[in-house]
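Following: one structure in structure tokens, then a few remarks.
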């Protein structure tokens, strides 16, 4: 398979490449409400100030997340799991600066403004100032030096791979191009995952910013990138990333064929960190519709910024769609140099455009090669707010079933995984209460077992739905572990248990001095109040709610490969781990103390803050409402003990207990009436037997005595 390399040989690049954050400005963005009526939906305007000069940012919503977008990560056991609940599709906007012609703005506007302002020859980054109580933001100039790549013209491109035809003036007209789209599956290698901070949410947001910049550049070709999925190799590299870019690309193609199940029009890009690579990537040229060969490898050099790396991704995509590097032979030019397919674009700031050569290459490619896999943009389904997503395994409004994607679906005979509609006469097609025969499970069948013996409860099928009832568990703040810990979201959040799960048997929670060392506010360690992937230093009252600190176990750790941080306090060794490397079953970072952990008398941790335990908003009093025969659950109802029947926990011998929320309809009055009738019938039979038993015994004894009297001894007869 012919390969084309992205060859920016970076011999002089590393002296001064994309040094961000030199000149800082503080601004408070002012949101300008749109006029009512007209085409105001999806539009917003912000005014920011840079160097005392106001700039108006006119933005329009531009969602580039696929309708089925998921983020895949690996937990500490190496198991792959996915999540889509944290990502807001309506946050991404694109627009321009009113005062600057030919400018481009790409921003995420949820929880503050994050992104880039690309003017004619300068770029600015903007992000919220998290420590500010006001809506203050930092604006910084993205520095670059295009002379770093000057004279470095040693890139390789094989022009005979694709017949470009002859460049003539009529090919310059690209107005006939139709809007099209391509889907991208991005994989972030382990080393880049660590280099970007090892935080899943933060890395995901960075990838979003990169794709926003890529789409801004591809607008000139009327091409839009839709991010289909994101895979983070948070545990390890699943292929070797040693060697040159071509070797890695070949391994990626082999791994992709064996392990990835993608739609036919999805491109896979592996992004890896390489401190000083000779090449910044490798791609298969002109293979956009070849499922077996279309892939790319992008290398993230040391100190490069997100803006610079977005050029790498754009060049990779350019090679897929038939573009080649610009050169002097064809007199390539663009309004603002350097052009995107030139090496100097990697270290340039400001708006970037394709050259006349790139436009010709693309026009020629779409006219002469197979591009059916490039979807019509009008038919691309991007994720919208509160929109049902078919294939995510969650049955939402408008769906009859949702058994996951083609690989995950276990009910292929019952549910169409592409339309989320039932097949034929199927009663169900997904869910814990759906049988392989496409029939509903019987009422009272367990569908979700308790994961904690004290704080979580088993749920049952109700016989009318294919899905298990909502999870029921003890009311947050209920005491467990003999009063030494609290229940929180169905788990007994004992500190020692959290340490054991990380470091193995024998581990236990560390002393206050250890927590104070690990989360010292004096050292400005941002380990508390984690919200929207941003953290702040722990206050003195919150040190027990930051990073988890444990004492060293007597034997080897449960996970020897875990990145352990050692702290020494009063001759004791305190253990903690780096964030982003280990996830609990609920998807939360194991490096931090779990919500609900005791941090003082009648106090527990919530979002990195030590707060008072209270039951405000819940009127369930177990002593009164449950008569002391049960505890309150998360719905404010009684979870009754065995032999007590919900909802009020009245005495009912033989009742399994439970609540009215757990789905077990066998506890209804009619069910118990039937059960009582059956028991009564059995009781009368037993009672009658014991009443007549003495008469039966007397009768049998009388018969035995009468038979004894009838026996006469016989004498001996002599002859």
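Glycine is no exception: its Cβ is also placed from the backbone N, Cα and C atoms.
Looking at 663-683, 684-704, the range annotated in Swiss-Prot as transmembrane segment turns out to be 684-704. Using a 10 angstroms CA-CA radius around residue 289 (disulfide bond), none of the disulfide-bonded residues in 357, 620, 626, 640 qualify. Sorting each residue of the domain 'Disintegrin' (387-476) by its DSSP state yields 0 helix, 14 strand, 76 coil.
Residue 332 (disulfide bond) and residue 447 (disulfide bond) have their C-alpha atoms 65 Å apart, to the nearest angstrom.
DSSP assigns residue 638 (disulfide bond) to a strand segment in the three-state reduction. Per-residue pLDDT, averaged across the domain 'Disintegrin' (387-476), gives 89. Comparing the Cα of residue 632 (disulfide bond) with the Cα of every entry in 447, 638, 649, these being the disulfide-bonded residues, the smallest distance points to 638.
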